[in-house]
Amino acid sequence: MTTVRQRRVGKGTEAAEDQPSEEKNVKPDGKVLSDHTGGKLWNVLSVTVGGIVAISLGLLTSVYVATLHENDLWFSNIKEVEREISFRTECGLYYSYYKQMIQAASIQQGLHGLVYDNKTESVRTINILERMNVYQEVFLSILYRILPIQQYLEPVYFYIYTLFGLQAVYVIALYVTSWLLSGTWLSGLLAACWYITNRIDTTRVEFTIPLRENWALPFFAVQIAAITYLLRTHLQPVQERLTLMAIFVATFLFSLTWQFNQFMMLIQALALFILDCFDMLPTAKVTWLYIIQISGLLLVCVLQFFNSMILGSLLLSFNASVLIARTIQKNLKKGGLLNRLGKLILHVLLVLCFTLLINKFIKKILNLESDEHIFKFLKAKFGFGATRDFDANLYLCEEAFGLLPLNTFSRLSDTLLFCIYVFVLFLMTVVAVIVAFRNLSGSNQVQLMEKMEECTITLKPDAAYNLIHTVLFGCLALSTMRMKYLWTSHMCVFASFGLCSTEIWKLILKCIHLYTSRRTHVIKYSIPIITLLYISYKFWPGIMDELSELREFYDPDTVELMNWIKSNTPNTAVFAGSMQLLAGVKLCTGRTLTNHPHYEDKNLRERTKQIYQIYAKRSPEDVYRILRSFGTDYVILEDSICYERRHSRGCRLRDLLDIANGHIMDGLGENEPDLKPSLYPRFCEEIKKNLPSYTIHFTRVFQNKTFHVYKLAKHK
């Protein structure tokens, strides 16, 4: 187990209502003076100050997370093997390809090693660039090789500082989005402060550095900021074209760096579809966004050697279906309320049918089954029947894929973020429903809407998009805890926008008959400032204490294992074991693996289930035969898995294997009636007794408190 111990001492502008009036004042002497020049100078000053604050906050966030990482592990003082072990599970696997490229004799040789890789999966040659999203590691390794920095900066620091630097991009993008929505950079300042003070729930970059989401989410935030700007009215053609280009680049980089890109962009496409159906966004801009999503994903598909999982994604099928259905239904947005509702229902059904048909057709042609485990997981998660599928249950039993814990909301409420977010969300949802009803009603309901005008506001396209975005990603986060980072960061943006929005406060004050322009202006700035002062007063001491707390990486058992492997096994040796541990074995020792944590491949999933029979109730002959079929030379058994207590009964790895094999689970508790006792004891327990039936196939060559390594006999 890895533990940490205490260290030993050794572009937006101000809102439209704030713009200076075009009216001219006439002095008694007859001279006409315009406020236009003064207003322009004020805007330039505001943008300059806001920009400086944004960049400063971004850089401070980078330094903050980098300091936390150093303080938590004493990264600068520990050995290289300890640094590499700190990249846990799949993080270690991804970093290993960066290390491989750095250590290659040349860039060409490094790329050849990735395209024709035979060390990640034994007895198979796979294309890493096709299977995994590691172009960022390739780019970074090439950059490190060509820049004159090798004498001053170790490769690992170049890597982690790049990731921490991306946090600056992330925070600046959140800041700019909030600024664009509210019209004041004070909103961006509040969003950034909330992001930092809610760090536990907004990012995990400091302890999962190479994780794909830490590369992708900054680009996703940039894309959202660009979309928010695109949806503003009265953009010049040049501004619109440049913004579309920025959206394309951000979408492409987001798609290139994360294997779950298609699912996130599908939710984004659903948001655009909903808003377009209710006539809340300009159709032409929505069409461009659909096309950008398709083209960005297809470009990534080409770079990943026509990865079939991308071609079979629901996103491509959905976007194509929307464009086809819109061509068929040309008069979708004409007619009265009932007529529009009828057309809308037909349109939704048409898009749904086209999506399923196109997706089924593509998967049939490509014989695609790479993502079937995701749909099995979703089916079981939302109660559409229990499953004994090992892969689906592996996800269901992981806390990261469970429901969002309730204590998340109490933490977010401590900074006032969640309370304000819910308040703003409620008001904006009410406004959105009214606007949607008005849009669907057409001219027949104009008089009714005019009567309601005093207590309603117009929902701008950029605000409408961010509203639906936060609702849909909120639903995703509530259902799957791992995805909360997509929601909580945007929560900071949305709450700060609402608190600094003239329209929101105007609506509230009008509804309670207290509206004046001056009062709205005072509240718009005073409430956010008071909130910032509260956050500073309550959380600044805690942040300082956190930055002063010094710890040290401590995992002697894993270090001992890795050093033994490097010293006592040949470079060509093949290792079997748990996915998480083997990623570290590849990174620290360069040995060949039987399986690994990148689970988006059907053959690998089947292989992993077979390898994991070392923790099931199987005969030594069966286990030996399975391991040798994958060319295994050594197998690593972990007591933390064999005698697992972290999960409850039914969710331990050994229980999942027993259920999948049709065997009764260990311990007290119920079993399904058709499960039967196994004829054999549990392999990982029985092998330690050194019985002849085991020693004929397996010889123990290494042991410590955590790990047991056995060498497989090579029978003819």
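Cβ coordinates come from backbone N, Cα and C, glycine included.
Residues or ranges marked as compositional bias 'Basic residues' in TrEMBL: 1-10.
Annotation source TrEMBL lists compositional bias 'Basic and acidic residues' at 21-30.
Residues annotated as region 'Disordered' in TrEMBL: 1-30.
What TrEMBL lists as transmembrane segment is 41-66 (among others).
Residues annotated as transmembrane segment in TrEMBL: 179-197 (among others). Within its own chain, the transmembrane segment (179-197) has Cβ neighbours under 8 Å at 11-16, 18, 46, 49-50, 53-54, 57-58, 61, 64, 171, 203, 225, 228-229, 232, 415, 417, 462-463, 466, 489, 491-493, 495-497, 499-502, 524-525, 528-529, 531-532, 535-536, 539, 543, counting only residues six or more beyond its boundaries.
TrEMBL lists 217-235 (among others) with the feature transmembrane segment. Within the same chain, residues 11, 166-167, 169-170, 173-174, 176-177, 180-181, 243-244, 246-247, 250-251, 253-254, 257, 264, 281-282, 285, 289, 460-462, 464-466, 469, 485-486, 489-490 sit at least 6 positions outside the transmembrane segment (217-235) and bring their C-beta atoms closer than 8 Å to a C-beta of that stretch.
TrEMBL lists 242-258 (among others) with the feature transmembrane segment. Here the transmembrane segment (242-258) has long-range neighbours at 133, 135-136, 212-213, 215-216, 219-220, 222-223, 226-227, 229-230, 235, 264-265, 288-289, 292-293, 295-297, 299-300, 303, meaning same-chain residues at least 6 beyond its ends whose C-beta is under 8 angstroms from one of its own.
Annotated transmembrane segment per TrEMBL: 264-281 (among others), in sequence order.
If you look up TrEMBL, you'll see 312-329 (among others) marked as transmembrane segment.
Residues 273, 277, 311-312, 314, 316-318, 320-322, 324-325, 328-329, 331-332, 335, 368, 440 of the same chain lie 6+ residues outside the transmembrane segment (341-362) yet bring a C-beta within less than 8 angstroms of a C-beta in it. Positions annotated as transmembrane segment by TrEMBL: 341-362 (among others).
Sequence-distant neighbours of the transmembrane segment (415-441) (same chain, 6+ residues past either end, Cβ-Cβ under 8 Å): 194, 197-198, 278-280, 336-337, 340-341, 344, 409, 448-449, 452, 456-459, 463-464, 467-468, 470-471, 491-492, 494-495, 497-499, 504, 507-508, 531, 534-535, 538-539. Positions annotated as transmembrane segment by TrEMBL: 415-441 (among others).
According to TrEMBL, the transmembrane segment annotation covers 462-481 (among others).
Sequence annotations record features per position, and here TrEMBL assigns transmembrane segment to 487-509 (among others).
Within its own chain, the transmembrane segment (521-540) has Cβ neighbours under 8 Å at 18, 184, 186-187, 189-190, 193-194, 197, 414-416, 420, 496, 499-502, 505, 509, counting only residues six or more beyond its boundaries. Per TrEMBL, transmembrane segment is recorded for 521-540 (among others).
Counting Cβ pairs under 8 Å to the transmembrane segment (312-329), the top-ranked stretch among 41-66, 264-281, 462-481, 487-509 is 264-281. Residues 177, 180-181, 224, 227-229, 231-232, 267-268, 270-272, 274-275, 280-281, 381-382, 399-405, 425, 428-429, 432, 435, 487-488, 490-491, 493-494, 497, 503 of the same chain lie 6 or more positions beyond the ends of the transmembrane segment (462-481) yet place their CB under 8 Å from a CB of it.
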